[in-house]
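What TrEMBL records for this protein:
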type: BINDING; residues: TRP178, SER250, ARG333, ASP334, GLU431, VAL432, GLU433, ARG451; note: substrate binding site
type: BINDING; residues: ASN226, ASP328, GLN359, ASN398, ASP430, ASP569, ILE571, SER576; note: Ca(2+) binding site
type: ACT_SITE; residues: GLU433; note: active site, proton donor/acceptor
type: COMPBIAS; residues: 628-724; note: compositional bias 'Polar residues'
Amino acid sequence: MGGALIAHADQVEANTANETQTVNATQQVTDQTAVTSSASSAENTKNDKVASVQANTVANSDEQTQLKQNTTDESTTSAQTNLSKLNPAAANAVKNAKIDAGNLTDDQINELNKIDFSKSAEKGAKLTFKDLEGIGNAIINQDPKYAIPYFNAKKIQNMPAAYAVDAQTGQMAHLDVWDSWPVQDAVTGYVSNYKGYQLVIAMMGIPKAKYGDNHIYLLYNKYGDNDFSHWRNAGSIFGNNENNVFQEWSGSAIVNNDGSIQLFYTSNDTSDFKLNDQKLATATLHLNVDDNGVSIASVDNNHILFEGDGYHYQTYQQFANGNDRQDDDYCLRDPHVVQLENGDRYLVFEANTGTEDYQGDEQIYKWANYGGDDVFNINSFFKLLNNKRDRTLAGEANGALGILKLDNNQTNPKVEAVYSPLVSTLMASDEVERPDVVKLGDKYYLFSVTRVSRGSDTELTAKDNTLVGDNVAMIGYVADSLNGTYKPLNQSGVVLTASVPANWRTATYSYYAVPVQGHPDQVLITSYMSNKDFASGEGNYATWAPSFLVQINPDDTTTVLARATNQGDWIWDDSSRNDSMLGVLDQNAANSAALPGEWGKPVDWTNINRSSGLNLKPHQAADEPGTNKPTDNPSDKPGTNNPTDNPSDKPGTNNPTDNPSDKPGTNNPTDNPSDKPGTNNPTDNPSDKPGTNNPTDNPSDKPGTNNPTDNPSDKPGTNNPTDNPSDKPGNVTPTADQNHRADNNDGHLPQTGNKNAVVGLYLGSLLTMFGLAALDKRYNK
C-alpha cells in the first residue's frame, strides 16, 4: 500500500518520532526554569501544561487516528456500500464505534477485514493496549493511590556498605547498588531470620565502568536492625575475578531444608558481541556465620536452568535471527522462586513469548490485544497503522511473565515442566521486569515493574516524560492459585507510578514487594533510589531507598499508605516507621523532594534519556485506616548449558570446585584488546536494566567512558554531593530519628567478605607496603 492510511484529506502526517518525543512540548519544557514552589501554583501550572499537551494531542492524534463519526443517516448509499464490503465482525465494530462508514477508504476497509475478532480462550492474562494507556495516564494524573511518596532528598545517603571490593577490579571502590532482593523463608515469603541475620543480595558495580560492571553481592545486617549504616558487605558472590563479558543480574533466594541458601539469578553472556544472551541460573550458597558476621564459605552447583524453549518462550537464537534487533528487547531474566506448602518449587520470570503466540505485525490485527470497547479499539488500531514507529514497536512487543516448575532436588535443581505465560503483553509492551509473587491469605499477588517507554505508544511516553519526567511503574495481578487465571489490580494493573523526574536524587525504580508479618493485607515496597551512573549528579550513587507500605484492598484495588522507613528497611515492625524520610513538592521546604539545583535542572541527554518533568503536582499518600497521623507530619524513593557432570561450574565455563571464589572459567586475557566485550550498555540511560538493548534513545553514544575513580575526594560511604557543601565528609552517623530496634544495640558489625577475596586483598596490601610488588589486575580499565 505504501505510506500511512488516511481517514481524511487533512489528516496530520504520521508521527514517526521515538519514545523521547515530547509532543510539541519541548520548547515549553526548555523555557520553563523551575517547578513552582507552592502547592497551589504547582497544581495550576500542571493543569496548564496538561491542557497544552492535550491540545497538541488532539491535533496530532485525534484527527490522525480517529475516523469520522457518523452524524448522518447511516442508510446512505455510500455507507451501505462500504458496510457490505466489510466482513460481519468488522461491520459490527464500525457500527458500534459510530464510524461514518461512507467515509471509509478502500485501504481502511481492507485493513479492517484483516482483524481477528475471535474470542478464543486466552492462555494467561494480558496486559493490553488499553492497560498501557491506563498505566501511562495514572502517571500523568499522579493519583495519590498509586503515586510513589515524595522522599526527603537531604536525608538520602549513599550506602556505606557499597564501598567495597569491586568484583571486576579487585579493588576497593564506591559502587552503585540497584536491583536487590532478600533471602526469604521458602513458604511464607517473610525475610528469613538466618541465624540472627537478615540477608540481601544486590546488583552492584562501579558507575560508568567501561562496558559495564554488573555483578551480585551478599549484604547482611542483624535481623530486625533497621539502621542503614549497620549493613555490611560479605563480598561478590562469585569472587573478585569477574569480568564484564559474563555478568550476573537480578533474581531471588530462599533457604533450603539443609540450611543452605538457594540462589536463582540471571546469567548474562555478552561474548562474541552478543546483545545480552540471558539465561536463568542457580547456585547453592554455604555461609559462615559467627560473632564476626557473615562470610561466603562456598558456592556450589552453579549451573544454567533455562534458556527458553522456543515455543512458550523466545530463545536468544530466535531473537538474533529476527528482522529488527534494534527495536526488539530480548528478555529472559529475573527468576523469582515460589515454594508451595507441599514443597513444590516454581520459578516465575521475565521473558518474551515464543511461537505459541509470537511477535510480529500480525499482532496489531488481534482485537484481544487492544482491551477496550470498539470505539477505543478502532481508534487505537488506526493510530498504530498511521504511526510507523509505534507500529514497529507494537509488532516487536511480546513481553511475558513466565512460569516453570523445578524438580524436587533443592540444591541442584533442574526444570521439570514449562508452562504458558501467566501474563503476556503482546502488542503493548516488550518489557515487564522483576516479577515478584506474594501470597496473602489464600490469594497470590504477582507484581512486576515496567516502563511506559518500553511500550508501543510513543505519544503516551512523551506525555509522561513531559509532565512528570519519568515513566516507570509497578503493576500487579491477583489469582486464586499460583497457576491460576490472573486479573489486573486496579483494572489496568497499575499499582505504583513515578512521582519525580528521573534525574532527581529521590527517583526510584526496581520495586520489590515483601509480605508484612501480622498484616495480611499489606506489602512493604523496597526499591533503589537515584538512577545509576550519577544520573542525579556526581557523587550521588544509586542507593537503597526508604521503604513504604501499600494496602491491598478486598476489591482488588490498592492504596499507597503514608508510611515510610529508613533507607534499606526490609522488615516492617513497630520500630520501622520514620516519616521524617518523607518529603514534599516544595523547593523551599526543609524536607523537599529535590536537592538544591534539581528544580528545573536541564537533563543531560548523554547520561539519561528522560524529560525534565516540570509539571509535577503535590500528592499526599493515604493514612492507614483507623489510625491517627503522627504529629511529625512531613508536610510541615553464556555460557552454554553446563553439563551435569560438573554442576558447580560457572555456566558454560571450566571452573574447578576447589576455588569457589574465583571467577568461573573466564579466560579473557587482556592481551587481546581489540576484542571488545559484547555488551550493549550505553550510559545514556542508566535507569535501564543493565546491559539491555535500548538503542533508540541515543544510538550514537559509545559505551560509558567516564570512570568514577577520577573523583578520589569522595570518602567511603559518604553522601557528599557538590551542591551541598555544608555536609561533612564521612558523616554517616544515624540521626536521632533513625530508630534502632531495642534488641540490637551491640554496635556495628565487622566488614566481612568472601574469604579468598579478603585474603587476597590483605596480601596485596602487605606487598604494597613493603614495596615488593603491585597486584596485577586482569581487567583494569
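Yeah, the Cβs are placed from backbone N, Cα and C, and that goes for glycine too.
TrEMBL: automatically predicted annotations, no manual curation.
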Quiz item: In sequence order, which residues at least six apart in the same chain have a CB under 8 Å from the CB of ARG451 (substrate binding site)?
Solution: GLU431, ASN471, VAL472, ALA473
Quiz prompt | Cα-Cα distance linking ASP430 (Ca(2+) binding site) and TRP178 (substrate binding site), given in Å to the nearest integer | solution = 21
Exercise. Count the Cβ atoms, other than its own, that fall within 10 Å of the Cβ of GLU431 (substrate binding site), considering every protein chain shown.
Key: 23
Quiz item: Which site among ASP328, ASP334, ASP430, GLU433, ASP569 has the most other CB atoms no more than 10 Å from its CB, taking these as binding-site residues?
Solution: ASP334
Practice problem: Taking the Cβ of TRP178 (substrate binding site) as the centre, count every other Cβ atom within 10 Å, in any protein chain shown. | Solution: 27
Quiz prompt | Of the binding-site residues listed as SER250, ARG333, VAL432, GLU433, the one whose CA lies nearest the CA of ASP569 (Ca(2+) binding site) | solution = SER250
Self-check item: Distance [Cα-Cα, Å, rounded] between ASN398 (Ca(2+) binding site) and VAL432 (substrate binding site)
Solution: 10
Quiz item: Using a 10 Å radius around each Cβ and counting other Cβ atoms from all shown chains, which of the binding-site residues GLN359, SER576 yields the largest count?
Solution: GLN359
Exercise. Among SER250, ARG333, ASP334, VAL432, GLU433, these being the binding-site residues, pick the one whose CA is nearest to that of GLN359 (Ca(2+) binding site).
Key: VAL432
Exercise. Whole-number Å only: compute the distance from the Cα of ASP430 (Ca(2+) binding site) to the Cα of ARG333 (substrate binding site).
Key: 13
Practice problem: Among TRP178, SER250, ARG333, ASP334, GLU431, VAL432, GLU433, ARG451, the annotated substrate contacts, find the widest CA pair distance and round it to a whole Å. | Solution: 18
Quiz item: CA-CA, which of the binding-site residues ASN226, ASP328, ILE571, SER576 lies nearest VAL432 (substrate binding site)?
Solution: ASP328
Quiz prompt | Distance from GLU433 (substrate binding site) back to ASP328 (Ca(2+) binding site), taken between C-alpha atoms, in Å | solution = 15
Quiz item: Using C-alpha atoms, which one of the binding-site residues ASN226, ILE571, SER576 comes nearest to ASP334 (substrate binding site)?
Solution: ILE571
